[in-house]
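Asks: When I checked Swiss-Prot for this same protein, it listed these features:
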type: ACT_SITE; residues: ASP147; note: active site, proton donor/acceptor
type: BINDING; residues: ASN7, GLU384; note: Mg(2+) binding site
type: BINDING; residues: LYS14, HIS207, LEU208, GLY209, ASN210, GLY211, ASP282, PHE283, ARG284, GLY330, LEU331, GLY332, GLU333, ASN334; note: ATP binding site
type: BINDING; residues: ARG90; note: substrate binding site
type: SITE; residues: HIS179; note: site 'Transition state stabilizer'
type: SITE; residues: ARG240; note: site 'Transition state stabilizer'
Amino acid sequence: MKILVINCGSSSLKYQFINMTNEDVLAKGLVERIGMEGSILTHKVNDEKYVIQEPMKDHKDAIKLVLDALTDKEHGVIEDMSEISSVGHRVVHGGEKYANSVLIDEDVMKSLEECIKLAPLHNPPNIIGINACKALMPNTPMVAVFDTAFHQTIPEYAYIYPLPYELYKKYGIRKYGFHGTSHRYVSKRVAELMGKDIKDLKIITCHLGNGASICAVNEGKSVETSMGFTPLEGIAMGTRSGSIDPAILPFLMKELNLNLDDLNNLLNKKSGVYGISGVSSDFRDIEEAAEEGNDRAKLALDVFHYKVRRFIGSYAAAMGGVDCVVFTAGLGENSAESREEICKNLEFLGIKINEKKNNEGRGFAKVISEDNSKVKVFVIPTDEELMIARDTNEIVSNLK
């Protein structure tokens, strides 16, 4: 079975085409600037890159171009579209209804529309991508894989906010959590690497990129996560503030004469390590500036490392212990310095980092803790696309 995995943004589209027989990525690519001038498709096969610049007025045009690239006589990997067994779609928000991935039908589409109010930036392009694929491949099964689904096992006492309860019942205001597909993948992978049943493990997974979240996984289930009703809650991120005193918001609105859109923009796009450092939202730039003596850049990193460290400690308390910690995503996988700083002062939990292991190599799964470290620490590259493909494969196989 060969599965196309689609991840639609507002003006972009990422894809992978995976042969599930051996889980090989046959092709992958990125479409940028959809609906704008200079729209471009970068298509990769066996590390060979092909760039196609062609006008794409919408996501349907973009997906048609992706299908053309996959079936191209020179650069393609299949002869025709009948070789695409099914399509797996990343969907950011499934609300409370979906705790698992699901075959897309009319009822599912209706539910996705209802979730737009919970994810106004993310769900609309996800829906547009699904509709475009359905128009181009009407007889191909489609599966929705939700970022929020993995966190539906979080207990009620952990997901309820201390607000009037009727706000939860009427508006669905509660913790949902995000990056669920990534947290699910690396928690399963670390259990495999440790040679243990995931049901016997207490795992803390740290998805650290421009967007970042921490997850507590107990017996294979998410029991707590740092992102909340939106991806704004939690640790300081690239441009997002993370959790702050809510009373700051009306104070800022009054003092700076901000409206709600201004405030939303400030919290989501001008805060985080970018807001503190004044340098960049890219951690590589901030690390470089800190090394050159920029005090605000160093402060931004100190704040970030402290926030992550604090969540690791609190999640160990939430689970009554921890067996392993996993670092993943851009920063988690590539910054040995950040991993080392985060793990400082966590010796009381039984975490001991091996400097040599932490600094050697990247791009593969590895243990970075000392052999006698009570809590094992891993770096594991995430693979959300493979997780989406696996879910899609399982659901579609059961249809037959």
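Glycine is treated like the rest: Cβ placed from N, Cα and C.
Could you tell me the structural context for the features on the list?
Replies: In sequence order, ARG90, VAL91, VAL92, HIS93, GLY94, PHE178, HIS179, GLY180, THR181 are the residues of the chain that are 6 or more apart from ASP147 (active site, proton donor/acceptor) and have a CB within less than 8 Å of its CB. In the three-state DSSP scheme, ASP147 (active site, proton donor/acceptor) is classed as coil.
In the three-state DSSP scheme, ASN7 (Mg(2+) binding site) is classed as strand.
The Cβ of LEU331 (ATP binding site) lies under 8 Å from the Cβ of LEU208, GLY209, ALA212, PHE283, SER338, each of which sits 6+ residues away along the same chain.
The Cβ neighbour count for ARG90 (substrate binding site), using a 10 Å radius and every protein chain shown, is 22.
Of all Cβ atoms in the shown protein chains, 28 besides its own fall within 10 Å of the Cβ of HIS179 (site 'Transition state stabilizer'). Following the DSSP three-state reduction, the secondary structure of HIS179 (site 'Transition state stabilizer') is coil.
Counting Cβ atoms from all protein chains shown, ARG240 (site 'Transition state stabilizer') has 26 others lying within 10 Å of its own Cβ.
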Asks: For each of ASP282, GLU333, GLU384, count the other CB atoms within 10 A of its CB; which of these binding-site residues has the top count?
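Replies: Comparing the binding-site residues ASP282, GLU333, GLU384, the most crowded Cβ belongs to GLU384.
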Asks: How many whole Å apart are the CA atoms of ARG284 (ATP binding site) and GLU384 (Mg(2+) binding site)?
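Replies: So the alpha carbons of ARG284 (ATP binding site) and GLU384 (Mg(2+) binding site) sit roughly 23 Å from each other.
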Asks: Find the shortest Cα-Cα separation between LYS14 (ATP binding site) and the recorded positions ASN7, ARG240, GLU384, and name the residue that gives it.
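Replies: Considering only the listed recorded positions, the nearest one is ASN7.
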Asks: Tell me which of the binding-site residues LYS14, ARG284 sits in the most Cβ-dense spot, judged by other Cβ atoms within 10 Å.
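Replies: The residue with the most neighbouring Cβ atoms within 10 Å is LYS14.
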Asks: Looking only at Cβ atoms, how many others are within 10 Å of the one on ASN7 (Mg(2+) binding site)?
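Replies: Looking across every protein chain shown, the total is 22.
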Asks: Return the single residue from the binding-site residues list (LEU208, ASN210) that has the minimum number of other CB atoms within 10 Å.
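Replies: Selected from the binding-site residues LEU208, ASN210 on minimum Cβ neighbours within 10 Å: ASN210.
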